[in-house]
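J.: Features from Swiss-Prot:
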DOMAIN    12-242  domain 'Radical SAM core'
BINDING   19, 65, 104, 178, 280, 281, 282  GTP binding site
BINDING   26, 30, 33  [4Fe-4S] cluster 1 binding site
BINDING   32, 69, 129, 212  S-adenosyl-L-methionine binding site
BINDING   275, 278, 292  [4Fe-4S] cluster 2 binding site
């Protein structure tokens, strides 16, 4: 029997991507994310996480993104990957429909041993976040004490993590290793070309993210946003770019360098919203499901995690009722509208 078609929401968007946060804790304190220092109570157990992913795959999910906080802080990461790999190898298991399991990390804990373990456990892709290369700017963007020296140490760790991931088999050429950077005017906009230079030298796709109004702690203001168009224009003036087709459901628009030295992408939730084909559901480490990054509250899945049948009915119904289009409707919301925090949602 063929699987039932994926549910569609009120705007006819299918369910395709599950973003699962493993922890809200982080070893950095980036001001745009504002992570918590203590673990959430009531975290999902490993068996519940696997059950959730299996149900999501039965509803059409083809991509799983593991997030945080900092997911490498979670002692459940490797056991989860191993359990998912076992399911993916069984054609009769809905987990076999997973085409990609990806991880987003700040790279600080991405040692050679950890990178090899992640690859062996079945992880397909790693995205490393790095917002600057100059020590003082890095310290500001990562919320570090110790100024320039602390920032320089962090850059060394993250670049070491990138190298470790590549040696472990996460290949940039096939999309297995990418670099993320959140750009904020007046803080790290001077780092745009240095980051692009680094990515070109290492053959890694650089994804440039507009500073977003997620959460209530980061003091977001529109004049702090560097638009994707401006970022592309500045890079194109240095190294000519060629636009690439946008894939359905993708968060990013992409360009290739005319000289063949790699690609960049932009995630422009502020200036070029992509709500129209958004196919993502976010579930926090404590089992709250959010149908939009900018939502103020979620749906508690924990009462339903004991049964795949019950959980499937709840998640299907949640998706079918979904109407979120916050980024497209942003101007109609008041400045005081509450949002869940980025570190809690997992980006």
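Here, residue 1 is simply the first one shown, and the rest follow in order.
Note that Cβ sites are derived from N, Cα and C of the backbone, with glycine treated the same way.
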J.: Within 10 Å of residue 282 (GTP binding site) (Cα to Cα), which of the binding-site residues 26, 212, 275, 292 do you find?
T.: 292
J.: Taking the Cα atoms as reference points, how far is residue 292 ([4Fe-4S] cluster 2 binding site) from residue 104 (GTP binding site) in Å?
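T.: One finds 18 Å between the Cα atoms of these residues.
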J.: Rounded to whole angstrom, what's the largest C-alpha distance between any two of 32, 69, 129, 212, listed as binding S-adenosyl-L-methionine?
T.: 17
J.: For the C-alpha pair, I'd like the distance in angstrom between residue 178 (GTP binding site) and residue 129 (S-adenosyl-L-methionine binding site), rounded off.
T.: 9
J.: Hey, does DSSP put residue 33 ([4Fe-4S] cluster 1 binding site) in a helix, a strand, or just coil?
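T.: Once the DSSP labels are grouped into three classes, residue 33 ([4Fe-4S] cluster 1 binding site) ends up as coil.
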J.: Considering the binding-site residues 65, 281, which residue's Cβ sits among the greatest number of other Cβ atoms within 10 Å?
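T.: Result of the Cβ crowding comparison: 281.
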J.: Any idea of the Cα spread of the GTP site, 19, 65, 104, 178, 280, 281, 282, as a max distance in Å?
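T.: Largest Cα to Cα distance for the GTP-binding set is 22 Å.
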J.: Around residue 292 ([4Fe-4S] cluster 2 binding site), how many other CB atoms lie within 10 A of its CB?
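T.: Excluding its own Cβ, residue 292 ([4Fe-4S] cluster 2 binding site) sees 21 Cβ atoms within 10 Å.
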J.: Do you know offhand how many angstrom separate residue 33 ([4Fe-4S] cluster 1 binding site) and residue 280 (GTP binding site) by C-alpha?
T.: 19
J.: Averaged over the domain 'Radical SAM core' (12-242), what pLDDT does the prediction give?
T.: 95
J.: In which DSSP state, out of helix, strand and coil, do we find residue 212 (S-adenosyl-L-methionine binding site)?
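T.: For residue 212 (S-adenosyl-L-methionine binding site) - judged by DSSP and reduced to three states - the answer is coil.
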